[in-house]
DNA sequence: ATGTTC
């Protein structure tokens, strides 16, 4: 595979063999060795062979090996003549993050942090197999799947301003609960309002540095301010939707009429019955994830109000934004001067729409869409803004996080005998967790340096640094 | 990521 340097942060995988377009990798010399250590670049080249792919098979600097498609990949297919692939979305459909600001400053909150850590850990259902406070019957669950965050708001678990500050307003219209299997629906009944496990978290943090005061002001962020940051997805329901359609599409893979370089790239024509059905089911799982994050954030607010004996006005908790980073969406983009309907797959990649884009809510339209980039639990996270260059180069997309450099198994082996909890506490980070192996798997060194990842997307111009956040309390599954 | 091999 030939890697050609196009600019300091952008490399090309030359088009060869069955590739229909080149590969394009956003990275730096510092991040290159990690990138070449696994099969992720090969996966980028494999995706370039899929029918209907437009412009390039792209990878963000946080790329690492994933199911079929690498995590950190962006691939857009023609809506008429292209394919849709569950592996291009990921098992955790609409895995994403949301950030809320509060009116508190970290100096005054410091004495209460231990109490807050205990209360959040008690009050937020987390871990594999956990169940939430909201129990659904089948009929109600279908409403969640078709309405997303709007369902949560209609049950008093969110406000209109929350919907306004959520990507897609917290609901994909294409959702049709008929496309979701009985088994997937069943798994969703008891899991609404649960955090999950692995890299999912709920964090109390502080705005440590502001890079763009004007944009930060528009978003409502200032240095020293206390924030609430949440990372979760569609839980067992989304997993089951992905699993169901991988199996169904594999059975019908002959319909595609082409040989795939990797069986994990199984896909359907977007235009086919199967393709449309997957899109409708995926949208349901995406809506479930939005409702889930909406409920989790509402629950976190309740816990903070009670723990701090405060009224909502004093706490001043308000959603800044909610983004998804595992999704396929019908979007219109200009390709070679022509406006085209595309199915943009972002798997471990975040939408980063530019200032002025009609899909950016009115409050933020002047400065561009907020992009939320969580780091590992011991470092920091970033708030970025979408740019025009992202629209031109990456279908309005950027990175989604730090990206793994060690597998979970490798990480567990690497930290044997160490107390990760103590190491983090020494850095002023209180961690609460439930899984026996969670802290080892999520140890900071298992991830790339998120600051290096962000330098790439900022340097390449596909998003702009706005602010950096530092965690002080972390709750994990 | 995931009732971590229905």
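Using the three backbone atoms N, Cα and C, a Cβ is placed for every residue, glycine included.
TrEMBL does not curate its annotations; it predicts them automatically.
Record features, source TrEMBL:
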type	residues	note
BINDING	A:92, A:200	Mn(2+) 1 binding site
BINDING	A:199-203, A:325-326, A:374-377, A:381, A:400-403, A:476	GMP binding site
BINDING	A:231, A:325	Mn(2+) 2 binding site
ACT_SITE	A:400	active site, GMP-histidine intermediate
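Long-range C-beta contacts of residue A:202 (GMP binding site), restricted to its own chain and to partners at least six residues apart, with a cutoff below 8 Å, comprise A:120, A:124, A:126, A:195, A:228, A:229, A:230, A:231, A:296, A:300, A:474, A:475. Spatially close to residue A:325 (Mn(2+) 2 binding site) yet at least six residues away along the chain are A:95, A:96, A:97, A:346, A:347, A:348, A:349, A:350, A:400, A:401, judged by Cβ distances under 8 angstroms. Here residue A:200 (Mn(2+) 1 binding site) is positioned 13 angstrom away from residue A:403 (GMP binding site), judged by their C-alpha atoms. Secondary structure at residue A:202 (GMP binding site), as computed by DSSP, is strand. When the binding-site residues A:199, A:326 are compared by the number of other C-beta atoms lying within 10 angstroms of their own C-beta, A:199 comes out lowest. In the three-state DSSP scheme, residue A:231 (Mn(2+) 2 binding site) falls into the strand class. Residue A:376 (GMP binding site) has a Cβ environment of 23 other Cβ atoms inside 10 Å. Cβ neighbour count for residue A:231 (Mn(2+) 2 binding site): 24 (other Cβ atoms within 10 Å of its Cβ, all protein chains included).
Put simply, residue A:326 (GMP binding site) is 14 Å from residue A:200 (Mn(2+) 1 binding site) when counted between their Cα atoms.
Between the CA atoms of residue A:376 (GMP binding site) and residue A:92 (Mn(2+) 1 binding site) there is a gap of 18 Å.
The local packing around residue A:200 (Mn(2+) 1 binding site), expressed as other Cβ atoms within 10 Å of its Cβ over all shown chains, amounts to 25.
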